[in-house]
């Protein structure tokens, strides 16, 4: 009974959130359809009984998370918690437009390894500074945004000492960053607790890599309970930010150790990538994640344009005239080809790029190598972005609940880098 009541309450929150997002003047519809052949009414959309044969989403959500995670968990202990996170994120975003991509990447790397427990933020493991930590794992070495989480944590500690977990801060700040970058709002459960342990070995082995094939990528996501559809929608997070050149280099000259370029890249697109990323033949490590490593954290946004158009200037204009920046990258929102439509950060340009064989990462372009995922790419690219946005919001809600620590599990850190 409690589960059913909770599910309906959460469903009402989502309905309100969807209606609220419709009221934002973005020039696009937020209606979702569940089959790719026809639109569905909002009531049916809210059930999200997807083409993958999933159960009712909200019953699935409430059945799969601990009872101590709930909507507005801090309503009594720190009622301003979510407002503080969102207002602080707005201040940060006004000065650092790249924070949205940084936190999206950081959140993915945290949740993908042992769940959303803020273990990726730790500077030691169980207080042992001699133990290798997730930050030191190769896929995590280019993560950014740690200081932004620390900044939000400091504000919350001044208001509600020892109450709000770093895991919740990361989840909420990531959601708010997505919205600030023009993405969809999605409600979140709160009440996660923080891990005292960091998982170096797991982070090294289990973060998807930018040169993984489609079978490897789908397998790693499926181990976390994600369907093909959810995986393809999550990879659409590449819509914001840039892909660091270190994750592209191997495709240009030494693909999978062959000493040759990736044969699947057209000569013209290969030349365009080389213009951006060739660095006197020196290659950097390409070990990262096809979702998270490409979420732009290695590189800054080329402009400080507000919300919906952070990528609107020409990528060519962002390059120095006589001096190459220390770290460079390419956005999926690019004006290198007139065949790639312009648009806001969270529209269909990522999927349109894949349809044209212009995936910046091998793992991204591999979505077209599997008929099931290719059909999803075509579907997401075929409308105004509303299907992708709804699916992305749903998948992020699911991601945020992976193996959350609750109740007496874990702890609430006073500093996000240190176990209590």
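Glycine residues also receive a Cβ, built from the backbone N, Cα and C atoms like all the rest.
Computed from a predicted structure; not experimentally measured.
Pulled from TrEMBL, these are the features on record:
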type	residues	note
SIGNAL	1-29	signal peptide
DOMAIN	68-420	domain 'Plant heme peroxidase family profile'
DISULFID	78-160	disulfide bond
SITE	105	site 'Transition state stabilizer'
ACT_SITE	109	active site, proton acceptor
BINDING	110, 115, 117, 119, 134	Ca(2+) 1 binding site
DISULFID	111-116	disulfide bond
DISULFID	166-416	disulfide bond
BINDING	208	substrate binding site
BINDING	238	heme b binding site
DISULFID	245-277	disulfide bond
BINDING	347	Ca(2+) 2 binding site
Which of 115, 208, all binding-site residues, has a Cβ with the fewest other Cβ atoms inside 10 Å: 115
Closest of 109, 115, 119 to residue 245 (disulfide bond), Cα positions, recorded positions only: 109
Integer Cα-Cα distance in angstrom, residue 119 (Ca(2+) 1 binding site) to residue 160 (disulfide bond): 22
Other CB atoms, at most 10 A from the CB of residue 416 (disulfide bond): 22
Cα-to-Cα gap, residue 105 (site 'Transition state stabilizer') vs residue 277 (disulfide bond), nearest whole Å: 21
When distances run from the Cα of residue 416 (disulfide bond) to each of the recorded positions 109, 110, 160, 208, 238, the nearest one: 110
Residue pair residue 117 (Ca(2+) 1 binding site), residue 208 (substrate binding site) - Cα distance, angstrom, rounded: 19
